[in-house]
Amino acid sequence: MKIIMLGAPGAGKGTQAKKIAAKYAIPHISTGDIFRANIKNNTELGQKAKTYMDKGELVPDELVVDLIMDRFKEADCANGYVLDGFPRTIPQAEALDKALSANGESVDYAINVEVPDENIINRMSGRRACVGCGATYHIQFNPTKVEGICDACGEKLILRDDDKPETVKNRLSVYHEQTQPLIEYYSGKGVLKEVDGTQPMDDVFAAIVKILG
């Protein structure tokens, strides 16, 4: 079972990917983790990726696909995997398909966790982080006992730059421009499945399990 997770930043696709991985005993693979592991282990591909990252440049698609295909060869991927954070663009999706088809494989499901922009802006701009211990809260869904003060250590809470409404809007516009076309791409291949991400987390997961069987 080869699964790709799609959805805007803040849609909750990472959380769902972890839940899928646990239920179906397949690895949750994120490109960030692959980069970190290869750089830490000083692999040839990791060294190549690091030269781009050190310059603040994007790692080329071909290299990312090489890193991912390398990860797929590991024993824990024998029954499939959940890929999170890749592909983000049509060229990346095409490169991944080409690499998979060379092994006689293809993507089984592309699951799109759908959440309207306004919900995502509310979700993310309501997040708060503790300056002391790093604990995270949400003013609506997971508030602290005393407003603006961490339950765990008593330090004050802040709104991180990443979660400010303007930053979230910018990230969403990049998503719509670059990643949204993937929805049509995978729909054309007959593997797209959409779930309503505005539901409670467990209901979203139940909908995904219904799709995967």
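Cβ from N, Cα, C; glycine included.
Summarising the environment of Gly12 (ATP binding site), the number of other Cβ atoms within 10 Å of its Cβ, over all protein chains shown, is 21. Residues annotated as ATP binding site in Swiss-Prot, with sequence analysis given as evidence: Gly10, Ala11, Gly12, Lys13, Gly14, Thr15, Arg127, Thr136, Tyr137, Gln199.
According to its DSSP assignment, Glu57 (AMP binding site) is coil. If you draw a 10 Å sphere around the CB of Glu57 (AMP binding site), it holds 9 other CB atoms from the protein chains shown. The AMP binding site annotation in Swiss-Prot covers Thr31, Arg36, Glu57, Leu58, Val59, Gly85, Phe86, Pro87, Arg88, Gln92, Arg160, Arg171 and rests on sequence analysis.
The Zn(2+) binding site annotation in Swiss-Prot covers Cys130, Cys133, Cys150, Cys153. Secondary structure at Cys130 (Zn(2+) binding site), taken from DSSP and collapsed to helix, strand or coil, is strand. In this view, Cys130 (Zn(2+) binding site) is surrounded by 20 other Cβ atoms within 10 Å of its Cβ, with every protein chain counted.
Under the heading region 'NMP', Swiss-Prot lists 30-59, citing sequence analysis as support.
Taken from Swiss-Prot, the feature region 'LID' applies to 126-163, supported by sequence analysis.
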In three-state DSSP terms, the structure that Gly14 (ATP binding site) belongs to: helix
Maximum Cα-Cα separation in Å among residues Gly10, Ala11, Gly12, Lys13, Gly14, Thr15, Arg127, Thr136, Tyr137, Gln199, which the record lists as binding ATP: 21
Listed binding-site residues (Val59, Cys133, Cys150, Cys153), ranked by Cβ neighbours within 10 Å, top entry: Cys150
